[in-house]
Amino acid sequence: MPIVVTQAHIDRVGIAADLLDASPVSLQVLGRPTAINTVVIKTYIAAVMELASKQGGSLAGVDIRPSVLLKDTAIFTKPKAKSADVESDVDVLDTGIYSVPGLARKPVTHRWPSEGIYSGVTALMGATGSGKSITLNEKLRPDVLIRWGEVAEAYDELDTAVHISTLDEMLIVCIGLGALGFNVAVDSVRPLLFRLKGAASAGGIVAVFYSLLTDISNLFTQYDCSVVMVVNPMVDAEKIEYVFGQVMASTVGAILCADGNVSRTMFRTNKGRIFNGAAPLAADTHMPSMDRPTSMKALDHTSIASVAPLERGSVDTDDRNSAPRRGANFSL
C-alpha cells in the first residue's frame with residue numbers, strides 16, 4: 001500500500017508546526033552548542049502535502065526524498081571548524097555526534113509499535129540473518145520505510161520506501177512525517193553504527209552508540225514521533241543478547257528478532273517498562289482512519305499549507321474501495 005495522506009495527517013499539520021516553532025532543542029555538535037534548522041523540516045512537510053494534493057492524497061509513485069524536494073537538506077546550524085575536530089574520538093558522517101540534555105517536553109503515547117508506547121525510538125535488532133527486515137515489514141508494517149545504508153533488496157521497491165543518504169535527510173523524514181502521525185521506520189542505522197569511533201563494548205558496538213540512540217530518541221520525543229530503527233551490529237546470537245541487554249537497560253525500547261520472529265521485547269509505556277512481549281506488537285493500529293465523517297478544516301499555519309473545507313457531498317462516506325478521501329483542496 002502506498003503512503004497516503006489522510007484527514008488525520010492534515011489535522012496534525014498545525015500541531016507539527018507548533019512543535020517545530022517552539023524553542024529549539026539544545027544540541028551539541030562536536031562539543032559545541034547548535035540547533036536544528038526546523039525551517040527545512042517545515043518546507044519538507046509543505047512539499048509532501050502539495051504532492052499529495054495533486055494525487056488525491058496518495059503518494060504512489062511520487063519521489064519524496066528530501067534531496068529531491070529541498071534545495072538544502074542540512075538541518076544542523078554549522079559550527080565553525082576547529083583543529084581539535086580532526087582528533088575527535090567521535091565522528092558521525094559530516095555532522096559529528098550531537099546530544100540532547102534530557103527531555104525538552106513531556107512524552108506522548110502512541111499505538112505503534114505497541115499500545116501506549118512513549119514517543120521516541122524503539123530499536124529493532126537481531127543477530128546476522130535473524131530476519132529483522134522481515135519482522136519490520138511483515139509484522140510491524142510501517143507507513144514510511146526509510147532505507148539507509150543497506151544493499152539493494154526487494155524492500156527497496158515497496159511503495160512505502162524512501163531512500164536517503166545522510167543523517168540530515170533521515171532526521172527530516174522522521175521528524176517531518178513522524179510529527180504528522182505517520183509510523184516511520186529506519187532500515188537501518190548501519191551508517192551511524194559503523195562510522196562511530198571509540199572503544200567498543202563487550203558486544204562489539206562502540207559504547208557511545210548507546211548514548212547516541214538516547215539522544216535521537218529524546219529528539220524525536222520533542223516532536224511527538226515514534227520511530228522504529230533497525231540496529232544491525234553484525235554479531236552472533238550470543239553477543240546480540242548482550243547488545244539487547246545494554247539497549248534495554250540504559251537507552252531505548254527494544255525488539256529482539258530470531259529466525260524471523262520476535263523473541264523478546266522491552267517497551268517504555270505509560271504503564272512502565274513492559275518486558276518479554278507482554279505488550280503485543282500493534283501494527284497498523286496507529287494508522288489514521290480514512291473514513292471519518294468529518295470535513296477537512298482550514299489550517300492556522302498557512303506558511304506550511306492551507307486546506308480548503310471539504311464539501312460533504314464529495315466525501316466517499318462508505319469507503320468501500322478503500323480509496324483516499326476525495327475532494328481535498330491543498331494550496332501553498
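Heads up, the Cβ atoms here are built off N, Cα and C, so glycines get one too.
Straight from Swiss-Prot, the features:
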BINDING   GLY126, ALA127, THR128, GLY129, SER130, GLY131, LYS132, SER133  ATP binding site
COMPBIAS  313-322  compositional bias 'Basic and acidic residues'
REGION    310-332  region 'Disordered'
Note the Cβ centroid of GLY126, ALA127, THR128, GLY129, SER130, GLY131, LYS132, SER133, the recorded ATP site, then list each other residue of that chain whose Cβ lies within 8 Å of it, in sequence.
ASN232, CYS257, ALA258, GLY260
For SER133 (ATP binding site), just count the other CB atoms lying within 10 A of its CB, please.
23
Starting from the Cβ of GLY131 (ATP binding site), draw a 10 Å sphere and report how many other Cβ atoms land inside it.
17
Counting other CB atoms within 10 A of each CB, which of the binding-site residues THR128, SER130 comes out lowest?
THR128
Across all protein chains in the structure, which of the binding-site residues GLY126, GLY129 has the highest Cβ count within 10 Å?
GLY126
Would you count the other C-beta atoms found within 10 angstroms of the C-beta of ALA127 (ATP binding site) for me?
23
For GLY126 (ATP binding site): DSSP state (helix, strand, coil):
strand
In three-state DSSP terms, the structure that GLY131 (ATP binding site) belongs to:
coil
Which number gives the other C-beta atoms within 10 angstroms of the C-beta of LYS132 (ATP binding site), all protein chains shown included?
22
